[in-house]
Amino acid sequence: MSVPITPALKDELDIVIPTIRNLDFLEMWRPFFQPYHLIIVQDGDPTKTIKVPEGFDYELYNRNDINRILGPKASCISFKDSACRCFGYMVSKKKYIYTIDDDCFVAKDPTGKEINALEQHIKNLLCPSTPNFFNTLYDPYREGADFVRGYPFSMREGVKTAVSHGLWMNIPDYDAPTQMVKPLERNTRYVDAVMTIPKGTLFPMCGMNLAFDRELIGPAMYFGLMGDGQPIGRYDDMWAGWCIKVICDHLGLGVKTGLPYIWHSKASNPFVNLKKEYKGIFWQEEIIPFFQSVSLPKDCTSVQKCYLVLAEKVKEKLGPIDPYFTKLADAMVTWIEAWDQINSTSTGAKVANGTANGTANGK
């Protein structure tokens with residue numbers, strides 16, 4: 001009789017999914033996701049019922065739940081934008097988080113085998129990163145690879161990995177202008193590699209296929225103020241990416257990118273995207289130099305401390321560009337206050353009392 005294999009980190013990882021629709025896409029992911037607990041963050045109309053396929057262990061939060069749980073601090077959670085997913089990061093009680101969009105399906109590798117994206121993310125997170133010295137064979141800890149000649153032996157232990165950033169087959173994650181000039185472009189290139197993003201280098205983080213160690217970097221994984229009532233959208237994951245990279249570099253943590261791939265099924269409307277992005281497209285020419293030059297004091301030894309200092313600097317340096325950044329900096333502080341409140345032992349139990357498996361919390 002064969003003994004069933006327990007999936008890696010089964011009791012230590014939550015899958016967070018933001019959505020406005022029925023989650024039929026989970027059927028395709030059932031072989032890989034069913035053993036894990038799901039946190040579904042329903043965006044948009046809270047009176048709408050979201051259907052989840054049978055057999056999944058989940059809890060679902062809508063906007064009413066977010067308002068009930070966070071009270072006035074709910075203002076830091078975006079509405080009508082997938083940035084609302086970060087509420088799921090906040091209420092999770094697990095060490096690891098994997099987040100995926102509901103238009104992302106299972107991809108196949110070049111041999112035609114279905115890719116277990118979650119399994120690869122777990123491998124990435126449980127293996128060290130090498131941010132301080134680049135290895136030309138990419139991930140030196142992978143089977144069949146190693147540190148190349150000239151790699152300092154003193155650096156070969158690497159550092160803890162905080163973030164695993166996965167990629168996409170089919171529809172690439174392009175901005176609106178690129179979508180417009182390349183409407184038919186599809187990504188068919190499967191690059192069989194994982195690499196550590198070097199220290200001091202920023203990257204555009206995409207939230208549709210992303211895993212992270214919540215204990216190491218969770219409080220910095222705030223997706224900002226986007227969507228309803230805000231002058232910008234589609235920069236939520238990238239804002240979080242710039243923040244976490246600066247903090248990971250400061251705290252000596254690693255960020256990986258590459259495998260695993262998912263299949264991104266549909267392109268969003270480039271004209272709608274342009275309306276959301278257009279301010280960000282020119283703002284980012286000042287935002288990026290800010291993050292490239294920002295430094296955190298040595299006494300910032302926790303993620304929360306780092307993030308609060310970063311919020312101050314955002315207000316000081318980016319506030320003059322547009323009042324939005326002052327509002328965003330204030331929301332960053334509120335986010336940390338809410339995170340600490342929800343994750344203190346006294347309030348944690350109350351939040352965990354949400355209804356699971358079939359009913360949205362608070363209904």
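Including glycine, each Cβ sits where the backbone N, Cα and C put it.
Copied over from TrEMBL:
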CARBOHYD  Arg149  N-linked glycosylation site
SITE      Arg149  site 'Required for activity'
SITE      Arg156  site 'Required for activity'
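Packing around Arg156 (site 'Required for activity') is summarised by its Cβ count: 15 other Cβ atoms lie within 10 angstroms of its Cβ, all protein chains included.
With respect to their backbone Cα atoms, Arg156 (site 'Required for activity') and Arg149 (N-linked glycosylation site) stand 12 Å from each other. Counting every protein chain shown, 6 other Cβ atoms lie within 10 Å of the Cβ of the residue listed as 'N-linked glycosylation site'.
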